[in-house]
Amino acid sequence: MGDVKLFASSHMSKTSHSVDPSKVSSMPLTEAPAFILPPRNLCVKEGATAKFEGRVRGYPEPQVTWHRKGQAITNGGRFLLDCGVRGTFSLVIHTVREEDKGKYTCEASNGSGARQVTVELTVEGNSMKKRDQPVLSKASGFPGETRPSIWGECPPKFATKLGRAVVKEGQMWRFSCKITGRPPPQVTWLKGNVPLQPSARVSMSEKNGMQILEIRGVTRDDLGVYTCMVVNGSGKASMSAELSIPGLDNASRLAVRGTKAPSPDIRKEVTNGVSKDPETVAESKNCPSPQRSGSSARATNSHLKSPQEPKPKLCEDAPRKVPQSSILQKSTSTITLQALKVQPEARVPAIGSFSPGEDRKSLAAPQQATLPTRQSSLGGSVGNKFVTGNIPRESQRESTFPRFESQPQSQEVTEGQTVKFICEVSGIPKPDVGWFLEGIPVRRREGITEVYEDGVSHHLCLLRARTRDSRKYSCTASNSLGQVSCSWSLLVDRPNLAQTAPSFSSVLKDSVVIEGQDFVLRCSVQGTPAPRVTWLLNGQPIQFAHSICEAGVAELHIQDALPEDRGTYTCLAENAMGQVSCSATVTVQEKKGEGEREHRLSPARSKPIAPIFLQGLSDLKVMDGSQVTMTVQVSGNPPPEVIWLHDGNEIQESEDFHFEQKGGWHSLCIQEVFPEDTGTYTCEAWNSAGEVRTRAVLTVQEPHDGTQPWFISKPRSVTATLGQSVLISCAIAGDPFPTVHWLRDGRALSKDSGHFELLQNEDVFTLVLKNVQPWHAGQYEILLKNRVGECSCQVSLMLHNSPSRAPPRGREPASCEGLCGGGGVGAHGDGDRHGTLRPCWPARGQGWPEEEDGEDVRGLLKRRVETRLHTEEAIRQQEVGQLDFRDLLGKKVSTKTVSEDDLKDIPAEQMDFRANLQRQVKPKTISEEERKVHSPQQVDFRSVLAKKGTPKTPVPEKAPPKAATPDFRSVLGGKKKSPSENGGNSAEVLNVKAGESPTPAGDAQAIGALKPVGNAKPAETPKPIGNAKPTETLKPVGNTKPAETLKPIANAQPSGSLKPVTNAQPAEPQKPVGNAKSAETSKPAGKEEVKEVKNDVNCKKGQVGATGNEKRPESQGSAPVFKEKLQDVHVAEGEKLLLQCQVISDPPATVTWSLNGKTLKTTKFIVLAQEGSRFSVSIEKALPEDRGLYKCVAKNSAGQAECSCQVTVDDAQTSENTKAPEMKSRRPKSSLPPVLGTESDATVKKKPAPKTPTKAAMPPQIIQFPEDQKVRAGEPVELFGKVAGTQPITCKWMKFRKQIQESEHIKVENGESGSKLTILAARQEHCGCYTLVVENKLGSRQAQVNLTVVDKPDPPAGTPCASDIRSSSLTLSWYGSSYDGGSAVQSYNVEIWDTEDKVWKELATCRSTSFNVQDLLPDREYKFRVRAVNVYGTSEPSQESELTAVGEKPEEPKDEVEVSDDDEKEPEVDYRTVTVNTEQKVSDVYDIEERLGSGKFGQVFRLVEKKTGKIWAGKFFKAYSAKEKDNIRQEISIMNCLHHPKLVQCVDAFEEKANIVMVLEIVSGGELFERIIDEDFELTERECIKYMRQISEGVEYIHKQGIVHLDLKPENIMCVNKTGTRIKLIDFGLARRLENAGSLKVLFGTPEFVAPEVINYEPIGYATDMWSIGVICYILVSGLSPFMGDNDNETLANVTSATWDFDDEAFDEISDDAKDFISNLLKKDMKNRLDCTQCLQHPWLMKDTKNMEAKKLSKDRMKKYMARRKWQKTGNAVRAIGRLSSMAMISGLSGRKSSTGSPTSPINAEKLESEDDVSQAFLEAVAEEKPHVKPYFSKTIRDLEVVEGSAARFDCKIEGYPDPEVVWFKDDQSIRESRHFQIDYDEDGNCSLIISDVCGDDDAKYTCKAVNSLGEATCTAELIVETMEEGEGEEGGEEEEEEEE
């Protein structure tokens, strides 16, 4: 189904809504658009700038368009549309006006399909709502106003309809329909109004997107109307169909149907974020009253009144005989809209909530609509809500709404076919039908498009479909009642014709013409695809001529021939297959009269012709540093002038920008592009006849390494009062760490103003606004930038004026000022001391700040909207999760922040300081010992509004004083105070003894349910504090539905003023404070008792509250009943926990869940779901903290019911010494059970607690040690290690396992505090790893530091060699430097000497290790030498080459390096079976010469065999363990089986202690790809075939021996020498034997070349190597990598998806055989890949390379690929895909956090059955070879000071080998990972402990302990938690009172 649009129109307004189109079947290798980052809804102030932005992916690149009210938005004026790189796009609206508000639709489309997302712009006016305006509110299950969803979303839609069913008794019947919507809707089937339950006869299922209801053995009882109801967070829809049995009595059928809903219909409610005018809602579960929306509601009531109905009238289903107005949608689905008959201030129950009896009663009194369809009051209908009145029957017969009886369907046709779209339309008056293509009307065009009508059918006919007709089509039908539309797609495919090169069937003929005559040249050309024809005159393009090419005939028309027109005319025809040309000579005979000729010629010549571009610009994407040339061809008369512009500014010719002109060709050359050169380039050409321009976008891409900035915790909008101080806070991350910019209303904040302060604490940034003034209000933007990208977040600061004083006691206020239907009490309303509530509500359109924590209640009457908010949160998690591949292989992203996925669910309150503004630092009043013993119930006072300085005898007439501005520096970092400083009159009670339960303010337990948290015993009586006496308590609000229960304000002084606060965070155990005395005790937590309380909470009748005298209306319907109750559950830790129950109620109940009294909400870990009447809680992996009492409470207007169950979670590892649960479970804001165990051995701490016993003897610790250092040669170096522990401690420095002795260059100084090693002047031999070893009698520790001495490189090794000597040229080749000086060699300087001049001169500079020397003279001899160059300088020269003369060939030396290649003849190879020689040293048999290279394995040296003088390569390994030696022996064993000319041979091996040497044949030509990019190498497809044939031969032989290579990549394909094309495969270190191996799985490979089955940890085979060959071949022919991403994770994700293509222009020159060869190797299913034998028989490799055409291929892409690959390399030749833990778990804690559940991750431990498997996995991970080292910390954790509610993070880096296992401790107790404590440990040894939602109980010392088989290491730091409390001050900024009597 394509796009479906619903339109509702009247004379006042027209609204539309679009649903996501489903994909049309796409062509191969294409991808339909998908929004990676959808645009978000915006709320901005009038006059500000609004920016919608997002990111889309798809192939081809999608085109993004924006629509509003059905009209496309174009660039210009205040609207700016922009599409950036990598799918980013934006819509910017400058100077936003009121009329800009509303919905905007963003559509991304390409040839594969289209995708839409709808967002909303809310515009806030500059003035706040008038406070004296009477406002009405209505209780409802939905909030009257919530913030718009931040994600674009789609309400549910029906893509197909339910058909009416006529079925015989006993048969089976099936209803089916297809639905769409985002998030995916929940589906419920109903019969009548009763949800259907699965049974033996009835089943409900989903298949391929179709929802299916099956009824087997239909009986008469099954008769009736069946409804499919779909609901998501954006709205709901339903469709009904009737099941009937033929022959049944009509009367009985009518009786049955009379009680049901009409069929078929769709009932729909869409609340896309903001519900603005509920009076227009057609239907909802709890039918809303017209007062729900603020000020406009009262005006609307007059139109909604029904004079005939004195009592409130029910919203009810219209009986069948009452005509209805309907809007029809595609598939004849109907939205039924019925008039609302309501009285002012009346409650209107929901449609669909009545019993059949009630429905039958309504049949007797059909509704008479009193609401005219043209009523102007309906102009406010918003979004997707439609309304139309019920028209009287008489008028209804005359006019009906338009509807489609049949609709056009999407089609896929071949180019050239005829396409017909047909629809049938009905309606009275007869509808007008319009056809549209992409929103543009389609008209009749002769021979192309026909539009006609045939009776009731309307036809659109495309006579010859073309590919450009592949678009989205729509049809609208409209009459006076309204309009309906439908849409569909057409896909036109090109026929798959065999492509042929152009050819001429008739050619040009010579001709003779007379001057002034017209003549035509004509020829016929054919070819597939159709050739492009170009005309040339004497080899130059013809500028002033008219040429046409139609139906294969090409013509050139020349008018008024001139003598200049004589010459050779050529017609050039070309297509993708080739080109062909034909020529003819035209002779122009001059006329005799010269004067006459000149007279006639003059006007012809002077006739001006406007410029035209024969070739324009096209968009370019290049890498930073590339050279760019943009070329255009322009013609015109007179010749046009040309200028170039960049982003509208003229480009001046300079050193960087050059202009070139050659005839009509003009070029702009940029020598080296930089990122700032990105932009739009325009070429303008003009002459006297006109002007023309062409433009293109140049994008300069930078290779970035790092992470784009992002928000760990986003800031949130603030509502404040004048004079208050405000904090806006966020936590950020990014690599490199981003810079932070603060802006208000688009302008940067000026630091000179002094009105604000910017604070930073680690990654937390806070903006402090002191003494807020009106000009501080506005939209604040936090902009984060680093070199990878940028990110921003906007919040608003809104101000309320302080309300006037409260009315006297007992009097009801005239109105509830400022109320808006949203439901919450404003932040700063003041009331009198008797408790009269004066709420202050946000102005309309502002809404409340969006909450992510269900417990965080922002005011007294905030409505419960958890279901809505959870849905949005689920959308956010789902959409981001779909795109996040970071966990693909169980890897952690190496940033120093929590991963984005983890943070999606950290409540935003963790970084929210707004509620803490007036609080002092919590006194830390007792010692740590006492705190550990008592584990006090810490109380959260964030919502406390009572002030410390309240007078003991308050005066009723006097309003309480305003809060003073606190000093926020003391708030954030102030000192802690002793108990005496906060006397009994404090607003906060601290250190309550364990077991005491605080008293809530009043007894509103069911309605605000203030419950003790944790394991507080319910029977304990709370203790009142001070002299508090709660004389009045909060009262339940009359006429209020349970879904909006009253939240009492914790710690409010009941006898004082109630101050509701927006940012209050109650739901914590609280105690009354101040001058109050407890009148009665609180009820035990967990008992939901509704108490009548007496408190003057007065509001207008029918509004928020009601006084005790008022009557509550009688409830409608029945109270909820649990049909299926919760059952006790027992699960093991890590298993899935699922709790389900079924609730029957009328009207539908609101269901809330709680665990141990704490309300549950949907998070990443816990999912609350509803399917019809069934409610569930599911936890994918249960933890011990999930145990406890689960309670489900269902409420509706008629009552409530509850059921509960006990859940037990078995610990995976229960410590015997676990302390009593009470000790650590009473943490505020958490219901976590104990997560701390103890470990038998005491933790060694750096800083013991003050009252601990005398310090015990300690092993040595290295507490300070330098990082790795890099110094220039000649500079001094100091390495200092600071140590601690029991003396005496001995320190010694080691290098290469030998102790360093002092010398004239090196000094060592040892002292009690540490040891210092000083190198006076660093030289190259000082490079290496230095180890500090410290020892005492209790043990030893060591730490390592790498020292790199950078310098100019060593001279190139060996002697330069001349080869390929010709008459005047030769090829010079040489080895690279044996040491590069610590920085890569950038180039080589070649120097020359001859026998005549006898002076060394610089000849050339080149990057490779060979150079073709030209223009040599035969009469002299030459010598050469080479210098290497790096960033630090130029090396000394190499050895000099031998004297060489051109014109003769030197005698060939024995060294194979210098042997010219002969492709035909393989040299004799000396094959040997090698056994490891342990008797002799390698130096006994070979002379060891210069180093040739090094790698992770060791080093390679040139060896000369002493007996024969043959040259070999020696590969020297360091192998310390038996396992390492076995691994090398296995490689030698495998190489003994691989005797083949294309495989490098091992000829000898030696073992001596930890050294193993393999002697290999030398391959000196370098890596294959390096050879290809040499300047003297010409790359053609012929060379590619030669290389691939050799690779296939070599791998074929390996496979025949039962071996797989598993590391095929360009680095392991070596050229035999530098002149030929012979290659050899090397490096069999990862090779494995497949024979007898069973099912072999591996965990290693190079991401770019590894096969999908390796990543997915599936069995491998010989075909695994074939995938790698396919990747190598793809890169070889194109220079492009099919799967390379910006990092390894992205690359691996690309490989697993196995999507690639040949779309790049690089493949234009590549033959189809080559593409077929690659295609048959890059198959995701390994069974479908070619094997080596099939490869060698493939037509491509069978081609005759001697005689085939050799078309030169570009090497530019290959050079860029090689540069990028070098940049991406991390230094290890093989990167491990997975890293596994090698040790057992300590205290139930895994040392490395395992994969977070990627289904393809090989890291799940279940896959490794034994310790041998683990060891094998480690071996396969190919970790760098290094000696075993005890654990030590190269970076230790540091003390932290954080504010309560934020997140804390300890970071350290752990070194050691084998990899240490890690355990964390809180004080003396080991920490088990949970949702509160998260532990990250990555491959690089970075380990983090993240504590989310920090509270006072987390204030402790934390220790990280690292253990391996050689020892252990620890480091310790302290976490200080600062708890904020309310402060009090007088106006004028007086100091807060410290103490009161």
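From the backbone N, Cα and C atoms, a Cβ is placed for every residue, glycine too.
According to Swiss-Prot, the listed position annotated as phosphoserine out of S263, S289, S602, S1798 is S1798. Among C461, C475, C571, the cysteine that Swiss-Prot records as disulfide-bonded to C523 is C571. Between the listed residues T15, T867, T1040, T1800, Swiss-Prot assigns phosphothreonine to T1800, with no corresponding entry for the rest in that record. From S333, S635, S1176, the position flagged in Swiss-Prot as phosphoserine is S333.
In Swiss-Prot, the annotation region 'Actin-binding (calcium/calmodulin-sensitive)' applies to 911-951, one of the ranges 91-131, 911-951. For the annotation phosphoserine, the record in Swiss-Prot points to S1801 among the listed residues S802, S997, S1801. Record check of S729, S1668, S1781 in Swiss-Prot: the feature phosphoserine is attached to S1781. Of the listed modified residues, namely Y226, Y780, Y1471, Y1597, Y1657, the sparsest CB environment within 10 A is found at Y1471. Y1597 (phosphotyrosine) and Y1471 (phosphotyrosine) have their C-alpha atoms 15 Å apart, to the nearest angstrom. The Cβ of V1500 (ATP binding site) lies under 8 Å from the Cβ of R1491, L1492, G1493, S1494, A1513, G1514, K1515, F1516, each of which sits 6+ residues away along the same chain.
Annotated pair Y226 (phosphotyrosine) and G1498 (ATP binding site), C-alpha to C-alpha distance, rounded: 75 Å. Among the recorded stretches 502-587, 709-809, 1356-1449, the one sharing the largest number of Cβ pairs closer than 8 Å with the domain 'Ig-like C2-type 1' (33-122) is 709-809. Annotated pair G1498 (ATP binding site) and Y1657 (phosphotyrosine), C-alpha to C-alpha distance, rounded: 29 Å.
DSSP gives S1494 (ATP binding site) a strand state. The modified residues shown are Y780, Y1471, Y1657; of these, the one with its CA atom nearest the CA of Y452 (phosphotyrosine) is Y780. The average per-residue pLDDT of the prediction over the repeat '2-3' (1015-1026) is 40, rounded to a whole number.
Distance between Cα atoms for Y1471 (phosphotyrosine) and Y1657 (phosphotyrosine): 36 Å, as a whole number.
Using DSSP to sort the residues of the domain 'Ig-like C2-type 4' (502-587) gives these counts of helix, strand and coil: 3 helix, 57 strand, 26 coil. Across the structure, Y780 (phosphotyrosine) and Y1657 (phosphotyrosine) are spaced 48 Å apart at their Cα atoms. Taken residue by residue with DSSP, Y1471 (phosphotyrosine) is part of neither helix nor strand, so it is coil. Between the candidate recorded positions, Y452, S1494, G1498, the densest Cβ environment within 10 Å is the one around G1498. Taking DSSP states H, G and I as helix and E and B as strand, the domain 'Ig-like C2-type 6' (709-809) has 3 helix, 58 strand, 40 coil.
Per DSSP, the domain 'Ig-like C2-type 1' (33-122) is made up of 6 helix, 58 strand, 26 coil. The DSSP breakdown of the domain 'Fibronectin type-III' (1356-1449), given as helix, strand and coil counts, is 0 helix, 39 strand, 55 coil.
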